[in-house]
Every structure is written in C-alpha cells, then in structure tokens.
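Read through the structure below, which is laid out as structure tokens, and then see the notes.
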C-alpha cells in the first residue's frame, strides 16, 4: 500500500507540475494555437495516469480495510475476553487490564493515521473535480462557419478601429493605418497608450468595439482564430519556456518538425552554438520557465521557435531591450533574418532599434498622432523627435 501511495504522490506531482507549466506559458500556448495539446496533457496526467494509479491505490486500500476490520474485531474479543477472564480469576489486576487497553490503542493509532490519509486523497479527488469544471469553461471560439486563412500575404489594415475593455474607457480611438505585405512597422508611445492592444487585436485576442481589422482584405471577424494565429508568431520581451528539452521548446512552433528543421532554425537564431555546449545538447532540460538559460539564450530559443513557425506576420515586443551589447548583436542579427519578407510589428521601447523600420506609428492617449519613417518624423520635429531626444539624454 505504501508503495502504491508513493506512486500516486509522484504522479500527482508530475501532473500539477505540467499544469503549472502550461498556465505559466499561456501566452505561448495561445499564440501558437496549442490549447488542444495542453488540454490533452492535463486529461492524460490527471484522468488517465493519476486516475489509474488512484484506482490501484483504492483496490489495495479495500483489501487492507477488510483485513483491518477482521483483525480489530478479533483483537477486541481476544484482549477484553481474556482480560475479563483473568480478572475474575484474580490472575491480573485492574491496572494490568488498563495496560492491555493501552496496548490496543497503540495498535490502533497507525491504522487511524492511514485512514486519515485516505480522507486526504478523497479531498484531493474533489479538488480535481473542481479543476475539471474549469476545463469546461467555454474556450475562444474557433468557429467552423468562418473562413480559413490560406496563402496569407500579411497586408494589414485598421479601418476606423476603436476599442475598450469591459467596464472601462476607450483605449484606442478611431485608428486608421495600412501596412503592406513585408513591411516593418514600429509602434511607438508612452506606457498605456495602447501599443500592446494593437497587436492583441491583430492576433484576435480581442474584437474591436468599432470599425474593422483586415488581413489581405479579409475581415478578422469572418476568419477562424486558429487559422489566423497559425500565420502569426510572437517573440516577447520576457520569454518563458516550458520545463522541457530545448528541442521540444523550439519544436513547439511546429509539432511535426524534423530534427533537421529544428537544428536549422536554431542556427538561424544563433542558438545552435550555445546549445551544443550543454551536456545533453538539444535534449537539455531548460528548467521551470527556462531558468537554466540566460535571458539572451531564451530569446534565441524563442526566435528559433518563430523561425520554425514560418509566419507571415511577426510580432516583436522589443526583444533586445534587456540584453548586454554582445548578446544584443546576436539577437538583433537573428531578428533581422527572421523579419525578412515578413510583415513585422515591433512594440518599440528603445527608439534606437527601430530607425530602419519602413513605418513608425506614434500613439498618444489612444490616438495616432504621427506616421512616417524615422527621418520623416525627425524632420517633422514633433512628438517622435522629442521622444528620441529624451532617450538620448537618459542614455548619456
């Protein structure tokens, strides 16, 4: 029984560990449309693996329980029957009878603790049932009636788009802009002006309160979210990885990728060289949220994953803002390769990194106030120029 109990504990720890990993990487799960994969992991871990182990534990417990009741009953009859007989025969004293009762209590205590453990597991099953209720929460609608994106080119247009979160004021106000296929667009503005909201709308995480967003002329309201996101890849500023191998973290961008494809993606991202330095190379476990890798290494793994995804639309949340100069050069070179011939949206924090962008869109209080390339906006002498001056002063 103890052996089965240990197995059950181990299965439970693994299941909760994988669940925590999935939730911690929810942005990656959603952006790579792998919700069904993660759901199947949970079902397998909790319902199949842990469930089967729990059934085995219960069978052992029932057998033990039957023997336990028999032994207890026999023990009571033997101890108290003998004690009363010996007491009547004056062979033992009343004190000795009490001592016998104490011994019986000592025997009962371990079995009582085991019964308590059983109740704890019953409560754990109740927790699992509550979690299954969460699993039944309605997911994002991947409507079958909507069109499926095929052969997407990546031209994006915002047509009079406004947006507000539930019970909140408008974050975006009448946004209008067009992005040609293959263009690099930088989104600039102070914190809270709606930069992240723009790319979240493009990815289909939210719907416009007003207006429409189109990709290649198709209204996003009329296409499936899954087919849209399969053509989009995100490289965030702070990368979190799954507690898995480097190979599987890169391969998350394309689940059926071959080893050759994964290695080639790593080479493009300048990740291959540092991966080979690990004892297990591509089979190296990166730890919880990628803790065993440096920030630059995690960035390059994320870039390799995006390369493997081969998206038409790329979203970069200023992936080089927290790196040292040497690592920044490697990551920036990898990003330049990744951005080639792809429509790219860059959420800009450091303006020095977006000077080569085809178009820079400057936001203020939820509105577009300036649009143009770097030189045009500098010559204009508006908000963008002031932001550039401010950052230059801070860096000095």
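Glycine residues also receive a Cβ, built from the backbone N, Cα and C atoms like all the rest.
TrEMBL tags one of the stretches 53-70, 71-88, 125-142, 143-160 as transmembrane segment, and that stretch is 71-88. When the ranges 100-121, 166-187 are checked against TrEMBL, the one recorded as transmembrane segment is 100-121. Summarising model confidence by region, the domain 'ABC transporter' (156-390) averages a pLDDT of 87.
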